[in-house]
Amino acid sequence: MCGIWALFGSDECLSVQCLSAMKIAHRGPDAFRFENVNGFTNCCFGFHRLAVVDQLYGMQPIRVKKFPYLWLCYNGEIYNFKQLQKQFGFEFQTLVDGEVILHLYNRGGIEQTASMLDGVFAFILLDTANRKVFLARDTYGVRPLFKVLTDDGFLGVCSEAKGLINLKHSTSLCPKVEPFLPGHYEVLDLKPSGKVASVELVKFHSYKDEPLHVACDTVETLPSGFDLETVKSNIRILFENAVRKRLMAHRRIGCLLSGGLDSSLVAAVLLKLMKEININYPLQTFAIGMENSPDLLAARKVAAHIGSEHHEVIFNSEEGIQAIEEVIFSLETYDITTIRASIGMYLVSKYIRKKTDSVVIFSGEGSDELTQGYIYFHKAPSPEEAAEESERLLKELYLFDVLRADRTTAAHGLELRVPFLDHRFTSYYLSLPAELRIPKNGIEKYLLRQSFEDTNLLPKEILWRPKEAFSDGIASVKKSWFSILQDYIDQQVDDLLLEKAVEKYPFNPPKTKESYYYRQIFEKHYSGQSSWLPHYWMPRWVKATDPSARTLKHYKSAAQE
């Protein structure tokens with residue numbers, strides 16, 4: 001994990017522009033480099049490093065003797081770089097996983113490069129010999145990327161939007177900053193003036209398609225067919241493989257643990273594999289909640305069962321409320337459920353950074369979208385419509401849960417790893433018949449639970465624990481976190497302000513005091529950028545006015561059971 005930033009064709013002094021690069025310093029607390037491009041005085045790269053792989057040669061932009069005309073700035077991890085090196089006979093100059101991008105590009109161009117990378121990434125690749133700039137982002141947008149491109153060819157690229165919004169440019173008072181689409185690469189021509197012109201934007205991978213890099217995966221061909229035992233075995237094999245490949249790190253590994261199914265499965269498989277490869281330190285797991293919250297109690301059970309070194313972070317409503325503004329600044333969104341869920345994750349990440357030496361943090365993001373884990377999936381009219389909704393959620397992950405997971409951890413210089421979003425695991429799961437993937441017997445994620453039933457990885461009551469929304473599970477059973485937030489905000493926002501919300505915020509107008517409060521804070525930091533969020537996250541097939549699971553009839557808290 002790190003922060004990348006680049007400008008091409010800047011009219012303003014680069015020493016002034018580079019102050020914007022410092023807005024993402026939190027993403028790479030270990031080192032910083034600012035480098036001009038030879039022959040293009042108005043083009044430059046900025047890089048904030050979190051050293052996780054190759055402590056010696058990991059600074060960027062990466063340049064190697066073999067390709068002096070290539071410059072690479074990337075944020076991410078390429079899990080199959082050694083397999084690609086072996087398959088194509090690449091001679092590496094460093095131990096950096098991203099170096100493989102240079103070799104792949106030299107061998108087969110940008111299309112093959114993006115398609116063959118098994119990992120999470122956002123990169124800027126400059127080819128001065130052919131006068132091209134390439135941008136690319138992984139399938140689910142696990143690693144963030146924003147860009148600004150003006151009509152006269154000034155290009156700015158950054159891991160977070162906050163590194164671009166204050167850039168100066170002669171022809172535009174406020175250039176439009178927008179997220180770069182996941183699963184795409186863009187080709188731009190580099191003119192002698194340093195300005196660029198977009199040539200094409202190409203979707204290189206659809207999450208339903210088996211990725212090209214399967215050809216050099218460590219797991220060979222799986223048994224075909226959809227009989228239940230085969231499917232369950234394949235799910236276990238691919239999920240374990242997803243966790244195993246993510247063990248690539250020279251820094252200490254930890255795991256977020258809410259006590260829900262997803263994070264518990266990740267933690268259990270992670271600890272099992274760490275033992276197998278003789279990692280000689282205990283796995284630290286981290287839970288956050290208010291005193292006696294459901295998540296804390298469930299996480300305690302899981303930690304005791306798997307034998308992790310468990311840490312509990314207890315916070316009160318005042319601490320959560322005080323964090324709202326810095327959380328919204330980190331997130332760059334005003335989505336209601338994203339902000340609610342981010343507060344706990346932000347506070348636990350802050351604890352990890354200050355109190356421990358864990359840096360590479362595993363988490364369970366992506367499972368709810370992939371395996372139909374949200375409560376409202378019980379209301380899906382048909383298995384086919386449930387499958388379509390699952391795909392829509394995966395496509396929009398970069399706007400919601402993946403955004404939350406990246407920004408809350410990156411704000412504290414941690415690197416997130418999300419095995420549920422492994423390309424091969426997700427493409428296999430999505431290839432299964434729609435009726436296999438729906439909730440059964442009133443239980444969501446039934447197939448995933450079933451697949452691990454006979455493994456003893458988790459206690460039965462955790463494996464079959466019903467879904468808790470993260471923003472609710474961290475609170476007490478008596479009063480949910482969203483109720484606490486709403487009670488506080490009711491005192492902060494006047495009724496009259498809410499009545500005039502549509503006039504003040506015509507795009508995605510706030511309909512509650514809570515959403516109005518978040519929007520005010522967002523506009524304070526990112527005025528006029530409301531289009532970054534196309535729509536609020538809300539459940540489907542139910543008449544919901546609030547995104548919280550606790551407002552849905554299907555939901556049962558421990559207090560009601």
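Note: Cβ is positioned from N, Cα and C throughout, glycine not excepted.
As given in TrEMBL:
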type	residues	note
ACT_SITE	Cys2	active site, for GATase activity
BINDING	Asp97	L-glutamine binding site
BINDING	Leu256, Ile288, Ser363, Gly364	ATP binding site
DOMAIN	2-191	domain 'Glutamine amidotransferase type-2'
SITE	Glu365	site 'Important for beta-aspartyl-AMP intermediate formation'
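Here the features listed in TrEMBL are placed on the structure.
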| residue | record | Cβ contacts under 8 Å, 6 or more apart |
| --- | --- | --- |
| Cys2 | active site, for GATase activity | Arg27, Gly28, Phe47, His48, Arg49, Leu50, Gln60, Asn75, Ser159 |
| Leu256 | ATP binding site | Ser263, Thr285, Phe286, Ala287, Met345, Val348, Ile361, Phe362, Ser363, Gly364 |
| Glu365 | site 'Important for beta-aspartyl-AMP intermediate formation' | Asp262, Leu397, Asp401, Val402, Arg404, Ala405, Leu416, Val418, Phe420, Leu421 |
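Among the residues Leu256, Ile288, Ser363, Gly364 said to bind ATP, no two Cα atoms are farther apart than 15 Å. The CA atom of Ile288 (ATP binding site) is located 33 Å away from the CA atom of Asp97 (L-glutamine binding site).
Those residues of the chain, other than Leu256, Ile288, Ser363, Gly364, with a C-beta within 8 angstroms of the mean position of the ATP site C-beta atoms are Cys255, Leu257, Ser258, Ser263, Phe286, Met345, Val348, Ile361, Phe362, Glu365. Looking at the domain 'Glutamine amidotransferase type-2' (2-191) alone, the prediction's average pLDDT is 91. For Gly364 (ATP binding site), the number of other Cβ atoms no farther than 10 Å from its own Cβ, over all displayed protein chains, is 25. By a simple count of nearby Cβ atoms, those within 10 Å, the most crowded of the binding-site residues Asp97, Ile288, Ser363 is Ile288.
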